[in-house]
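To start, the structure under review is shown below, and the notes come after it.
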Amino acid sequence: MKNNWIDVLDESLVKDFYNNQTSEEQQEGLNTTLSFGTAGIRGKFGLGEGRLNKFTVSKVALGFAHYLTSSIAHPVVVIHYDTRHLSPEFAQIIANILASHDIKVYLADTYRTTPDLSFAVRYLQADAGVMITASHNPKDYNGIKVYGEDGAQLSTDASAQLSTYIDKLGHPLHINVPSLTTEQQSLIHSVPSEVREDYFKNVQDLVGTIPQSDLKVVFTSLHGTSVPIVPDILSSLNFNQFELVASQCEPDSDFSSVASANPEDHKAFDQSIELANLIDADLLIGTDPDADRLGIVERDAEGNIYYYNGNQIGALLLNYRIKQTEGLPNRIMFQSIVSGGLAKSLAQYHNVNFKEVLTGFKYIAAEIRHLSPEQNFIFGYEESYGFLARPFVRDKDAIQIVPLMIKYAAELKNEGRMLKDELEDITRNVGNFNDKLFSHTFEGTQGKAKIENIMTQFRSETPTEMCGLKVIAIEDFETGKKTDLQNDEVSDITLPKANVIKIYFNEGFIALRPSGTEPKIKLYVSLSCDHFDVIAQKINDAIFNS
């Protein structure tokens, strides 16, 4: 097939990316196949079935059209896209193919956030949504995420059904994409302005009034979609004591000012810190390119800088939501199985119901969907900096969290306190959990095999002791079994199966899982113990250097 792909290089939309790849990278694209998984599809630009290009995107769109029309008489779909290379082009391709199958499409007229998409699906009562994004991946990546009528990413079963429709189509170069009739072209509409207006109202209702204070905020969109929506929302809440990092708040598909447009990466805040030092700011906030995740940094009066990980931000936000919802009965919060122990302990301390779900915010969305009328959702989060305070969106939503965090910090500022002080109070009450994420990248087909080998070996050689910590239980989410080593009992795990292993100690847990969206395997360590950094590093070395 290689010659066929070379023949279409000029019309593939990815010529420059392909020409800049090594011969090994080019071959990988031609010899592999991108699959539509539980998190959609994500990959590098290039030629071949293993890359994103005009033809592979068209195949996904055509399979999606067949999937929708197989069960829905007159489907309606909302399509949004981020600031990445080819995001608008891919969105238009998908819109055209859906319209050619008589599917009504609402297509954003400019870049939009992922939470915007989730909200729009719900507001417009659409049957599905599509978000063109690769989150914080490098500049030569993009992706397609598909959402159901509830505004959440497709369930595992629905993703599998869609994947079947896509796979049935065969080779991307052999697919006939029909031209649009004039009538079909009229099926593509702009997203109405009232959608965003109603989203604003929901955020305003969540946040209420931000108190007058001396709080100064620095904000960066890391070249993504959260500007102008964040400044607009803050202004609508009468909060104007913020400065944008100008060099990072313009759309830039190359993410030129950062090595990684990821708010988990401390270096992503370097320019924010420079600006904060200039204007004597207190709170620094950054969102990832599609604005579903955010990170925060705090600066004290002496200019000292404090970074917060996802579990600490999650605990702070949960603490604030507990205060906000005081007196509300049957409160419940959700977090992923690899998120740390601090928020869980805080929920238990305040008698808030708590449940863990698989990694992936769609599992939190599914729990929200199935809540009884008597239950009151107050918070959901993943340690990877994804948070949700109120479920008018059914995915991670950095946009609703930004003003909420600012309000929290403003109230504390008026008390002469910082988020740092609040976190110290929380740990004093419920225990100090230290968290660390080790992320190992293994590219290509060899890397994929290495990740599989690491998981296989870890399963077959599960220890009874690690670095002086006694193993008390093991959960293997792939087999769906939990082994209690203290009582010598095996029980069923009630969550869906997933390629995750979690090992418990009296001091906390570790978890090992391959990423669903990147060529990485991740080790999560959450322990309440002395010499945490040393022990965490030893555990990492034992798994990856053995």
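Using the three backbone atoms N, Cα and C, a Cβ is placed for every residue, glycine included.
According to Swiss-Prot, the residue from SER118, SER135, SER460 that belongs to the Mg(2+) site alongside ASP288, ASP290, ASP292 is SER135.
The Cβ of ASP292 (Mg(2+) binding site) lies under 8 Å from the Cβ of THR113, THR114, PRO115, SER135, PHE361, GLY386, ASP395, LYS396, ASP397, ALA398, each of which sits 6+ residues away along the same chain. The number of other CB atoms found within 10 A of the CB of ASP290 (Mg(2+) binding site), across every protein chain shown, is 34. Each of ASP82, THR114, THR133, HIS136, GLY224, THR287, PRO289, ALA291, ARG293, LYS396, ALA398 belongs to the same chain as SER135, ASP288, ASP290, ASP292, is absent from that list, and has a C-beta within 8 angstroms of the C-beta centroid marking the Mg(2+) site.
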